[in-house]
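Over in TrEMBL, the protein carries these features:
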DOMAIN    43-73  domain '4Fe-4S ferredoxin-type'
DOMAIN    83-113  domain '4Fe-4S ferredoxin-type'
DOMAIN    118-151  domain '4Fe-4S ferredoxin-type'
DOMAIN    152-182  domain '4Fe-4S ferredoxin-type'
SIGNAL    1-28  signal peptide
Amino acid sequence: MAAYTRRAFAGFCGAAAVFAAFGGAVKAADGASETALVRPPGAQDELHLLASCVKCDRCRSVCHTGVIGVAEVGDGFLRARTPKLNFHRGSCDFCGDCQRVCPTGAIGAFDPEADKMGIAVVQKDRCVAYYQGCVECQKACPFEAIALDGDGHPVVDADRCNGCGVCEDVCPALVYRSFSGGTRRGIVVVSPSAYARLGKTVVEDESEMSAL
């Protein structure tokens with residue numbers, strides 16, 4: 001009986017360790033994904049999205065602008081193959097197609113006039129307007145969320161910005177300037193929680209963005 005008890009106890013400890021590790025992974029995925037990934041409009045909060053998304057790829061397939069991509073293992077194991085937005089490929093016009101084809105409700109209703117899927121942040125060391133004239137993001141913003149200051153630099157109105165990504169999509173920074181290993185443009189859409197930690201829409205350089 002004692003031997004059985006020891007075996008049972010060892011098995012229980014092993015199961016508990018696995019459960020704890022999985023729970024920690026879920027918590028880590030929740031925090032990391034909220035900061036690193038911008039989700040489609042109307043996506044549930046991170047934990048509910050991970051629980052309800054069946055990775056069917058319908059939202060990506062139906063996206064006519066091409067902005068919906070899928071997360072990779074590098075974004076977190078539990079997040080792999082879930083939808084994320086890539087504004088280097090397009091922007092979101094809130095057509096609602098992704099919501100309509102989602103079979104589980106992982107992507108729901110979204111009001112672009114009231115809701116936010118992200119907020120644009122200007123990075124000074126990459127923004128062309130800080131080196132030569134450029135007004136591309138300001139001209140392109142369909143929600144008039146970007147103005148120019150007295151020096152011609154873009155200023156994002158966080159209250160008006162909903163994260164559509166048009167500004168990042170049209171930003172010419174990677175065309176005009178070369179950055180070793182760089183993937184960011186002069187204006188970048190970050191998730192709402194990342195913006196809440198940042199607390200501003202203009203940063204000096206990559207060090208402030210990488211902290212997100």
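Backbone N, Cα and C atoms are what each Cβ position is placed from, and that goes for glycine too.
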Spatial neighbours of the domain '4Fe-4S ferredoxin-type' (43-73) far in sequence, C-beta under 8 Å, 6+ residues away: 26, 29-30, 33-34, 37, 79-87, 89-93, 95, 97-98, 100-108, 117, 165, 169
Mean of the pLDDT scores, which run from 0 to 100, over the domain '4Fe-4S ferredoxin-type' (118-151): 96
